[in-house]
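Per TrEMBL, these features apply:
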DOMAIN    5-100  domain 'Pyrroline-5-carboxylate reductase catalytic N-terminal'
BINDING   ILE9, GLY10, GLY11, GLY12, ASN13, MET14  NADP(+) binding site
BINDING   ASN57  NADPH binding site
DOMAIN    166-268  domain 'Pyrroline-5-carboxylate reductase dimerisation'
Amino acid sequence: MSTARIAFIGGGNMATSLIAGLIADGYAPQSIQVSDPNPEQRNRLQARFGIRTFADNREALDAAETLVLCIKPQMAAKVCADIAPVLADSRPLVLSIMAGVPESAMQRWFGTELPIVRAMPNTPAMVQTGAIGLHASPEVDAEGRNRAETIMRAAGLVRWVSEEFKIDAVTAISGSGPAYFFLFMEAMEEAGVSLGLDAETARLLTIQTALGAAKMAMESNDPPSRLREQVTSPGGTTERALSVFNEADLHTLVAKAATAARDRAIELSRTLSEDT
Ligand SMILES: NC(=O)C1=CN([C@@H]2O[C@H](COP(=O)(O)OP(=O)(O)OC[C@H]3O[C@@H](n4cnc5c(N)ncnc54)[C@H](OP(=O)(O)O)[C@@H]3O)[C@@H](O)[C@H]2O)C=CC1
Ligand SMILES: O=C(O)[C@@H]1CCC=N1
């Protein structure tokens, strides 16, 4: 893989996952530069990956062709304005994973129109099984799209969306999505224990069932509805369980939850636009 320099601003959970993916894919560690104000974070990254770390965001940008913004949305305005003078000269491809931070806000903070790709990964990127949505601003050329896609593919499956507002939908489905499945797993484990299984058995059966269902759904040509029907013997146990979910109108509940997440992403974008 490439040895072109890539700088990460913010070396927290998601940056660590993306870097792990890049290195597993053969990216040269000496070409990866990360800035984070937290010395423990920097030591951890250095020790684990052998990459270069910096306390100063501007220093981390040194000769970087790609900049990956991995800070919290709430500090985006300050950090972007701080690094803007360096970017105006070097004009890297900017890859932002921040939820609810629009391309227009970043362009305003940078004070110049840079090529920006918004990416929405998720925590399974930690095990290179992430699901990542991407959107490119008009300034991004074919090479920039390729570069962004290659970086993100190291973390998992990549899908482009043609309009920026759809990144908020990606956030609601796959960005936040792992938490929904983990919540369901927690509930399944609790149910198993309440029905008499020991905790470890309930845990392992739940996780393996989730993994098996996901693998089947990924590998099968049938949609999940057909796979569900294959489990559901007429007059059997699954039918009884599903009727309980249907009584609670699970589809409506999931739609409401996803809409709430999408609306929060919109709310974050508006707050950022009003604040700065
Ligand atoms: N977590 C998730 O599931 C997902 C998160 N995202 C997005 O990823 C981004 C990062 O999230 P996540 O990795 O979970 O958060 P983390 O808090 O783990 O990482 C953010 C890092 O940025 C550091 N930081 C704080 N201030 C600065 C600064 N001024 N300059 C540089 N670095 C700074 C933080 O240090 P310190 O801890 O000392 O403050 C921390 O190490 C967010 O914008 C989020 O919206 C996107 C998809 C999924
Ligand atoms: O909860 C959040 O805001 C971030 C974005 C998607 C997942 N975690």
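The count begins at 1 with the first shown residue.
Glycine too: its Cβ is placed from the backbone N, Cα and C atoms.
Whatever TrEMBL says is automated annotation, not expert-curated.
Shown on the structure are the features that TrEMBL records.
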residue : record               : DSSP (3 states)
ILE9    : NADP(+) binding site : strand
MET14   : NADP(+) binding site : helix
ASN57   : NADPH binding site   : helix
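Across the structure, ASN13 (NADP(+) binding site) and the residue listed as 'NADPH binding site' are spaced 17 Å apart at their Cα atoms. Sequence-distant contacts (6 or more apart, same chain, Cβ under 8 Å) of ILE9 (NADP(+) binding site) comprise VAL34, SER35, ASN57, ALA60, LEU67, VAL68, LEU69, CYS70, ILE71, VAL79, ILE83. Excluding ILE9, GLY10, GLY11, GLY12, ASN13, MET14, which define the NADP(+) site, the same chain contributes PHE8, ALA15, THR16, VAL34, ASP36, CYS70, ILE71 within 8 Å (Cβ to the Cβ centroid), listed in sequence order.
Annotation for the binding-site residues GLY10, GLY11, GLY12: lowest Cβ count within 10 Å of the residue's own Cβ, GLY12. Remark: of the binding-site residues ASN13, ASN57, the most isolated position is ASN13 (fewest other Cβ atoms within 10 Å of its Cβ). DSSP places the residues of the domain 'Pyrroline-5-carboxylate reductase dimerisation' (166-268) in helix, strand and coil in these numbers: 87 helix, 0 strand, 16 coil. A 10 Å cutoff on Cβ-Cβ distances gives MET14 (NADP(+) binding site) a total of 23 other Cβ atoms nearby, all chains included.
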